[in-house]
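Q: Questions regarding the structure given below will be posed in turn.
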Amino acid sequence: MSQLSLKNLQKSFNEAHIIKGINLEVSEGEFVVFVGPSGCGKSTLLRMIAGLEDVSSGEIVIGGNKVNDLPPVQRGIAMVFQSYALYPHMTVFENIAFPLRVERLPQAEVEQRVNAAAKVLQLESRLQQRPGTLSGGQRQRVAIGRAIVRQPKIFLFDEPLSNLDAALRSEMRIELMELHKRLGSTMIYVTHDQVEAMTMADKIVVLDAGTISQVGSPLELYHRPDNLFVAGFIGSPKMNFISGTVIGSDGSTINVDLGALGTIALPRTTKIGAGQQVTLGIRPEHLRLGKGEFSLSVTPKIVEHLGIHTVTYSTLPAGENFVGLYEGDPKVNESEAHDVGFALSQAHLFDQAGLAIY
Amino acid sequence: MTSTRSATLFALALLAPALIYILTIVAYPLVDTFILSFTNAALRPDYDWVGWANYQRIFTAGNFTEVIIRTFIWTLLSVGMKMIIGMCGAVLLNAAIPGQALFRILTMPPWVVPMAIGIYMWSWMYNGQFGMISGLLQNFGFISRPVAWLAYGDTAFWATIVTDVWIGVPMVTIYFLAAMQSIPRDLHEAAWTDGAGRFYRFRRITLPLMVPAVLTMSLLSLISTFNSFDIIWILTQGGPSGSTTTMIIDTYKTAIGSRKYGEGAARAVVICIFVLTFCFVYFRAVRKLSQGEAK
């Protein structure tokens, strides 16, 4: 059952159109991640769902009710802010209890709910401290605690881990995933970090310039990106793109001229006219050293030895950057040419408009 | 000459202008006043050392204690009103209303207009025959005949406070507005998301977070208001019948009006002790607040 529906949602600030018609269904208990580059509108979209931004047009439906004109507290949501938004003059207990104090709940119930949240978040020993004395991770937990005590239908997270260092971020990521499993609540999470999106989400919504580029599970987005933007955004290092021209297609194969790199025949059922400009995409981790179904010769400018992986950075004859990611520590050296190959099934093809050709 | 010694001399040379300034403008007059307070200096070229006699006289003869109490009442009423009106003004100026920038500019004239001109303007407004206040109140039927506000003890006392508040409020408002705007917007949004209304947010978030600003401004305002001279002198010269005579006016009248420099100096030293106490409290408060922020 759909718990949240966004119907042709739009947002403009004067002449600037930030959100350009978003349609989305979120099911109960789903962990949905909005991901995209800075300025794509993901935080604005979240704030619209929270009720912190007005809706220019379209509808937000939560639990079957249109909530466009309802204040945040009546929408059944709780939000965790990027800055944590903890009240510095209150103790951890009072921070977590704040929404309950607003509701004027009896002291006994406040204590019971705050203590329960503190137990879940391992904050029991910190309840009398001020936020200023806590570490980044603990502050984050307090912010989550303040959301939990309200027992909302939907949790909204606005880049909650972006202020933490890398080690703490991966730790908190796991804690959040465990929390999601334990509470079973619907969570909508905004991030610009695709690793967070890939590891946490049941469903990823990739946003680009105020529109949804693709919605799908992490692996769907990884293996079958709908367009060049998603292909380039999901995956690290990002996918290699090589420009080419279609020579011909017969409903089972498309032949593409890659210039100095030769011609590639890709299995595709779509027919496409000769002469059209296309883009071939191949992920760095799908390359193999030596010959493959399609091979090319590259000369790395830079080689990074990471122990578990080796990353090479080269430039193709047409000037495109070309990155290779290989397991272990193979013998590749800077300024020495070597062959790399890949399986045709691993290659992606995009038309002139940037849409995937299957 | 060792390099350490030359470095010390260089440091002293750099400090010299500031040291000379402090010693001649602040320290010398202060010490001289203190010494003078133990003498019977008057218009005569020579004077004698009288020990604590001036201090004994001001606390036993005359109405100095009454003046001290009046000064505290005058100061606390004025500072209190400045803080309350300043806070209300800051809240209004912080509200997202059309023409916000214009309203912010309109708060400034009392502060920008030269003080004497502002005070003379109030002096005319308080005038019984031609004054706007008396005229308006008569037109609206609140009073039946012209009232010369500066001619009666009670009204003159309040009139001088109102003028002092009028001059002091803009700075308090702008300071509070800046403090209010430094409160992260996220805190208000988080509270609003949790269902907190405007007044609840003001009471539980804005006000507690404004405590350092209110404390700092109150103490600074207390120090300047305690020493406020121009307003009372131009409006009433401490009258009628001493009803607006505060410590600073009293000191001026004694030292300059009556030419009793020694006794005037003793009164000035008492003012100095009060102001130094306020400064001490202020610096203690600032230190405590900065320690609190660090925690």
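Cβ from N, Cα, C; glycine included.
Please treat TrEMBL annotations as automatic predictions, because they have not gone through curation.
The domain 'ABC transmembrane type-1' feature in TrEMBL is assigned to B:68-282. Feature annotation from TrEMBL assigns transmembrane segment to B:7-31, B:72-93, B:105-125, B:156-178, B:209-235, B:265-285.
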Q: Between the transmembrane segment (B:72-93) and the transmembrane segment (B:156-178), are there three or more C-beta pairs closer than 8 Å, counting only pairs 6 or more apart along the chain?
A: yes
Q: Same-chain Cβ contacts of the transmembrane segment (B:209-235) under 8 Å, 6 or more residues past its ends?
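A: For the transmembrane segment (B:209-235), the list is 71, 75, 78-79, 82-83, 86-87, 115-116, 119-120, 122-123, 126, 150, 156, 159-160, 163-164, 167-168, 172, 175-176, 179-180, 183, 187, 244-249, 252, 271, 274-275, 278-279, 281-282, 285-286, 289, 293.
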Q: Using a Cβ distance cut-off of under 8 Å, indicate which of B:7-31, B:156-178, B:265-285 has the most pairs with the transmembrane segment (B:105-125).
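A: The stretch with the most close Cβ contacts to the transmembrane segment (B:105-125) is B:156-178.
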